[in-house]
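Going by Swiss-Prot, these are the annotated features:
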BINDING   GLY214, GLY238, PHE343  ADP binding site
BINDING   ALA215, ALA218, ASP219, ASP375  Mg(2+) binding site
BINDING   ALA215, LYS216, LYS220, GLY239, GLY313, GLU344  AMP binding site
MOD_RES   SER2  phosphoserine
MOD_RES   SER2  N-acetylserine
MOD_RES   SER4  phosphoserine
MOD_RES   LYS11  N6-acetyllysine
MOD_RES   LYS48  N6-acetyllysine
MOD_RES   LYS86  N6-acetyllysine
MOD_RES   LYS97  N6-acetyllysine
MOD_RES   LYS131  N6-acetyllysine
MOD_RES   LYS146  N6-acetyllysine
MOD_RES   TYR196  phosphotyrosine
MOD_RES   LYS199  N6-acetyllysine
MOD_RES   LYS291  N6-acetyllysine
Amino acid sequence: MSLSKKLTLDKLDVKGKRIIMRVDFNVPMKKNQITNNQRIKASIPSIKYCLDNGARSVVLMSHLGRPDGVPMPDKYSLEPVAAELKSLLGKDVLFLKDCVGSEVEKACANPATGSVILLENLRFHVEEEGKGQDPSGNKLKAEAGKIEAFRASLSKLGDVYVNDAFGTAHRAHSSMVGINLPQKASGFLMKKELEYFAKALENPERPFLAILGGAKVADKIQLIKNMLDKVNEMIIGGGMAYTFLKVLNNMEIGASLFDEEGAKIVKDIMAKANKNGVRITFPVDFVTADKFEENAKVGQATVASGIPAGWMGLDCGPETNKKYAQVMAQAKLIVWNGPVGVFEWDAFAKGTKALMDEIVKATSRGCITIIGGGDTATCCAKWNTEDKVSHVSTGGGASLELLEGKILPGVDALSNL
């Protein structure tokens, strides 16, 4: 699956055409009020491009929350998004109370030029994800014929398909892979994601450094193994470093995270790194706590001293930060996935913050810096560095699967150039 050879919105002739666009409007809500409109704002450039270039209509479809294939308009309706869109676009948005069926098809068949139409939550139909569960917890499975009909109805709502929902690209859902139209293009959000991940995965600048944090080795095995085939340097930090250090250095790790499953393959990982000539850097000192709480007693430890019984490492220490900075200073491309400490608590945030400062420094000297979604993207928001790095991915699961070397169904389904 080539990331750089996919049809993009700017290569489409949209004049006079009905555009059906998959967006990510899965926004946080409280009492049917949107609490953060970032994802809606992010979709505006693609929508505006279509309107500015004479599209007849832009029909928007999205999921919201996890209604699991059951209509729950009281809790998961996209109706509040229509009002938000109206104010961001400065034009009327027609909200439809369903996403498929004859009424919806009729409303989208012959719209006035420049119409913007928002469909109701795709996941009110079990045919979107293929499975779900009813309110009593019984499992629901969509029938193949009904999935076909659902996809056919969505396909009637436009002449051209645009996908701008990178965060759902790793899911083979109907709205991601089942729209049967001759031209299927990425929107501008998706395009930027694919451009940056292509820089890392298809033709990287070197030296290429991957920084991998997070808690469990077992969750990151695929990621580590795939990246060892791509990078020159790797930093392994966060909770999973304790498993490596215990196995490799026989370090006393006290009550720190230890991953039994992951421990079994530490030697394999090191052998692969050795074979590929990849240098892996681990932490050398730690900020410790006497319990897993924000107000825990704080201590220090090194690999040599070990972490005493009952204490746990929750961050890396100042010597480690210096060591990481030296490795980062050489890099021309950095991909960072996973924090290196419990950054949500100030006492254990210094390591991740120091890393972020170095990432910003690297970016300003021309290094390409890519932040994988999820917790690492949350760090960017916390320290206000989203515009001080090259790219912050909007998709936690999708970016992880790309870095693991997997094919993303939602990207694979787009037209090739």
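Including glycine, each Cβ sits where the backbone N, Cα and C put it.
Structural mapping of features recorded in Swiss-Prot.
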| residue | record | Cβ neighbours (10 Å) |
| --- | --- | --- |
| SER2 | phosphoserine | 12 |
| LYS48 | N6-acetyllysine | 14 |
| LYS97 | N6-acetyllysine | 14 |
| LYS131 | N6-acetyllysine | 13 |
| LYS199 | N6-acetyllysine | 20 |
| GLY214 | ADP binding site | 22 |
| ALA218 | Mg(2+) binding site | 16 |
| LYS220 | AMP binding site | 25 |
| PHE343 | ADP binding site | 25 |
| GLU344 | AMP binding site | 14 |
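Between the CA atoms of LYS216 (AMP binding site) and SER2 (phosphoserine) there is a gap of 30 Å, rounded to the nearest whole number. Ranked by CA distance from SER4 (phosphoserine), the binding-site residues GLY214, GLY238, GLY239, GLY313, ASP375 have ASP375 at the top as the closest. With the fewest other C-beta atoms within 10 Å around its C-beta, ASP219 stands out among the binding-site residues ASP219, ASP375.
If you take the Cα of SER2 (phosphoserine) and the Cα of LYS199 (N6-acetyllysine), they are about 12 angstrom apart, rounded to a whole number. In this structure, the CA atom of LYS48 (N6-acetyllysine) is 39 Å away from the CA atom of ASP219 (Mg(2+) binding site). Here the binding-site residues are GLY239, GLY313; the one with the fewest Cβ atoms within 10 Å of its Cβ is GLY239. Under the DSSP three-state reduction, ALA218 (Mg(2+) binding site) is assigned to helix.
For ALA215 (Mg(2+) binding site), the count of additional Cβ atoms within 10 Å of its Cβ stands at 19 [all protein chains shown]. The closest partner of the residue listed as 'phosphotyrosine' among the recorded positions, by CA position, is GLY238; the full candidate set was LYS97, LYS146, GLY238, LYS291. Look at the Cβ of each of the recorded positions LYS146, LYS216 and count the other Cβ atoms within 10 Å; the largest number goes with LYS216.
In the structure as shown, the Cβ atom of LYS291 (N6-acetyllysine) sits within 10 Å of 12 other Cβ atoms. LYS97 (N6-acetyllysine) carries neither a helix nor a strand DSSP state and counts as coil. Note: the Cα of LYS291 (N6-acetyllysine) and the Cα of PHE343 (ADP binding site) are spaced 16 Å from each other. Site extent for AMP: among the recorded binding residues ALA215, LYS216, LYS220, GLY239, GLY313, GLU344, the largest C-alpha separation is 21 Å.
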